[in-house]
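A.B. asks: When I checked TrEMBL for this same protein, it listed these features:
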- 23-39: compositional bias 'Low complexity' (COMPBIAS)
- 23-90: region 'Disordered' (REGION)
- 65-74: compositional bias 'Polar residues' (COMPBIAS)
- 103-152: domain 'Myosin N-terminal SH3-like' (DOMAIN)
- 156-828: domain 'Myosin motor' (DOMAIN)
- GLY247, GLU248, SER249, GLY250, ALA251, GLY252, LYS253, THR254: ATP binding site (BINDING)
- 708-730: region 'Actin-binding' (REGION)
- 925-959: coiled coil (COILED)
Amino acid sequence: MSEKAKPFVQSLKSMPADYRFLGSSPLEDSSSSGSSVPVTIPRNGHLKNGAVGGVDSANDDSPYGLQSISNGDESSLVDEDPIVPLPESNDRRWSDTSVYARKKALQFWVQLPNGNWELGKVLSTSGEESVIKLPEGNVLKVISETLVPANPDILDGVDDLMQLSYLNEPSVLYNLEYRYNQDMIYTKAGPVLVAVNPFKEVPLYGDSNIEAYRKRSNQSPHVYAIADTAIREMIRDEVNQSIIISGESGAGKTETAKIAMQYLASLGGGSGIENEILKTNPILEAFGNAKTLRNDNSSRFGKLIEIHFSETRKISGAKIQTFLLEKSRVVQCAEGERSYHIFYQLCAGASPALREKLNLTSAKEYNYLRQSNCYSIKGVDDAERFQAVQEALDIVHVSKDDQESVFAMLAAVLWLGNVSFSIIDNENHAEPESDESLSTVARLIGCNINDLKLALSKRNIKVRNETFVQKLTLSQAIDARDALAKSIYACLFDWLVEQINKSLAVGKRRTGRSISILDIYGFESFNKNSFEQFCINYANERLQQHFNRHLFKLEQEEYIKDGIDWRRVDFEDNQTCLRLFEKKPLGLLSLLDEESTFPNGTDLTLANKLMEHLSDNSCFRGDRGKTFTVAHYAGEVTYETTGFLEKNRDLLHSDSIKLLSSCSRHLPQAFASSMLVHSEKPVVGPLHKAGGADSQRLSVATKFKGQLFELMQRLGKTTPHFIRCIKPNSVQSPGLYEQELVLQQLRCCGVLEVVRISRSGFPTRMSHQKFALRYGFLLLESIAAKDPLSVSVAILHQFNILPEMYLVGYTKLFFRTGQIGVLEDTRNRTLHGILRLQSCFRGHQARSRLREFKRGITALQSFIRGEKIRKDYTELLRRHRACSAIQSYVKTIRGELVRRCGGDIKYGGTKRNESGEVLVQASVLSELQRRVLRTEAALREKEEENDILRQRLQQYDNRWTPGRSGSVGLSVISRLAEEFGQRAQVFGDDTKFLMEVKSGKVEANLSPERELRRLKQMFETWKKDYGGRLRETKTILSRLGNEETGGSPLVERVKTKWWGRLRSTRF
């Protein structure tokens, strides 16, 4: 018991001073035990001003803090039963947790006078008072109605707050802390995912976890699960999806958006587009994020990333839209904060060549950066991050030349801050000093240094047809310098986003299906709140209304529209606050724009005008001086109007625009063109009177309002998925859980309201037609002739869905949480079985066809090979017969040749001698001899051909005709023996020669070791081949010997003698 109470020892002063959790009737009497002296804690008063969720904030940095509300005397517990105030409320919102058994002395939460919650057990009751024992042994006497029931231990750490038996604030706080301490940072709250920033690495991400959520083998709450649900619903319903991530600064919105993008990118795109999308994060963080007092990586702009998908469920492209970059941070930073990360990364990570080209120095040398005395972030290497930014720019196809131009613009902004001014007369007129800073800025942006000096020190004023030159005072010159620096940086940021969108362009691959991820600044409230906080909190009011409309308003309106008997649930609506901002002509934005157009308008006149026209609005309170207070949905925020008008105008003088357009570099020219293109309607005012301001003809508030309305329209056409990021502590330390801060954020983001309404409603709904079409095939009987409503009811009955788990409307079915998942699981299993059966049948068909094809191919090959062999045999047999016929007539041919040769001899050169002998001349005789020799040569060639033909015929005879004479065996054995002897002689001679070379007896230009290895390899190869032929010959001779019963004894003796000699011979 003590372990469970331990987390609530810390202060929870943010609880409403008169808030009372219902859920109990007066305690019945039970036996008293324990010896400690009881202390009486009676009821307390009511909440001041009736503020919604009134909070006593103990932390000035909290964005939810209101004015302090006293909790009364917090004196220590004494023995005299002092009167100590405790929370009390008549709110019945938590009536669904009101039933529990006090007789069993269950655990209860009790709030101590200092705001701490502790867990205890009731010892006894007396009337409206109860005695409760705390884990430390202290005994308190409290009002029975102030006790809050605790959940049983079995529900500790549930992953969905809807599973809690008692849904009250201390139980929710304890459940989130229980999971947070075990690194389970994600918890479901009905349809909303609550993500608590761990401020450290947790083992919940990576490819293995992505695969687990894709296969749905892991059902724990996670950003991956939200992204997977969005993908499945986009495919199933053919409706665009959106993931809306909200939370205060430092709650982890940016990291959560990156995790969602990581899961979507895991689907791939086939062309590397998914890697390009992920690489946009380092660029946008470097140029749009900065270190603040609350967050080391705070997004100072809002962004909407719209990721498009192809018909094959692959990423086909993306588009990024940004909102309200905090330009003032470029020229002004609070103590302990930093400007945008890219400035420090450039100074730390630029190469020596780049540093020389840009004339870069240390970050401490630039006025814009050193005014906050903060140059680094613990655990962050700016030089390493700069390399990552360069790699990302390469991936999104920003050329090296453009990258160099970007870095030049950044360096120009830094050097602009170092431009100093000197007073030139008694009227405080100033002009920039011609020093290194001024010349460097002129060189980096590519302008003439004299033109730059004129733009920073003088103004051209047009009155009718005449132009006057006005010198600027020191403060005006400094403002002109800062305005130029802010404009250059803002235009550079927009240009980079434009280049990224070109790289991620969808083009012809667009299918209309997309998932949008919104990462926008959370609700902010500081000690001093200016125009930036005014716009940011207005945006959060709009997002909160979208959240309310989706989860509360539309929820109940749809029940009523579909004829469902539904008990309306009250919820806190912020429509009154939105009307305060947007009402025309007497709203905050309208009055701000109106005052911005007046030549003599000042911050004080703005504050007085707001107090005059808006004092009757319940969400507005005018204060003294230049301040006013707005009661936002998350709490009251006091704004100072100092700088409101100037920031709303955000005007850059026409002289500065002309300066940029005259630059030789292409980026300043592009910036000037962009500022001129966005000029839509003229603005009158002091700056216009001073010479015209053409860079921003729409006020910042009007432009931001238009962007916000466009965003809301886009989100309204999607199915939203909400992620509420929670910051567990204000010091960004892992493992630290400040319950007061967490409770404030839970109240402000409406998590408890969502759970309350979701538990009492039917969050899942589907039309009859779609339900019947999706699950109709699961019915056991035919449904062809039935209407969708009958089919839907039949499905519900078949699967035994309890009546209290669904409602049937005019056009839709409404289900409790989790019921549609049962049907989806059944559908998926059935489809999986069908696909498995189909695959088995198709596999059987394919295997049968394959076996049939193999049999046909084998038969065809056998026929073709047999036919070819028969043809070859017939041809050889014909040649053999021809050779035999030729040989039988050899003698006849020889005689014919002699006769033919002899017939050509002329006997004119012959004569007879006295004895009657014929005498032939020598020339004739030589001619005859030559002819005889040619004839013999031709005859030998024919005999050789005959021998070759006889050998081939003999080979085919041996193959196809079994049973040959012993002479065949003798010839084969003789050839093998002859080959054996020759090879033995050759190998022996070569070995002997190499050994002599090795021993040095013979000189030779070769390596004996290498040659011996090569000779051994040759011998092994021949030996293997010879052994194979020898075995084959032996087998054939054995078969011939067995078949010829009357074999020649001579052959047997020769075979025996030769085989024996072969076996006894060794190399």
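Quick reminder: no glycine exception, Cβ is built from N, Cα and C everywhere.
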A.B. asks: Which residue counts does DSSP give the domain 'Myosin N-terminal SH3-like' (103-152) for helix, strand and coil?
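C.D. replies: Residue counts in helix, strand and coil order: 5 helix, 27 strand, 18 coil.
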A.B. asks: In the same chain, which residues outside the set GLY247, GLU248, SER249, GLY250, ALA251, GLY252, LYS253, THR254 have their CB within 8 A of the centroid of the CB atoms that define the ATP site?
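C.D. replies: In sequence order, the nearby non-listed residues are ASN197, ASN295, SER298, GLY522, CYS725, LYS727.
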A.B. asks: Which value does the mean pLDDT take for the coiled coil (925-959) in this predicted structure?
C.D. replies: 76
A.B. asks: Give the residue counts of the region 'Actin-binding' (708-730) per reduced DSSP state, in the order helix, strand, coil.
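C.D. replies: The composition, in the requested order, is 9 helix, 8 strand, 6 coil.
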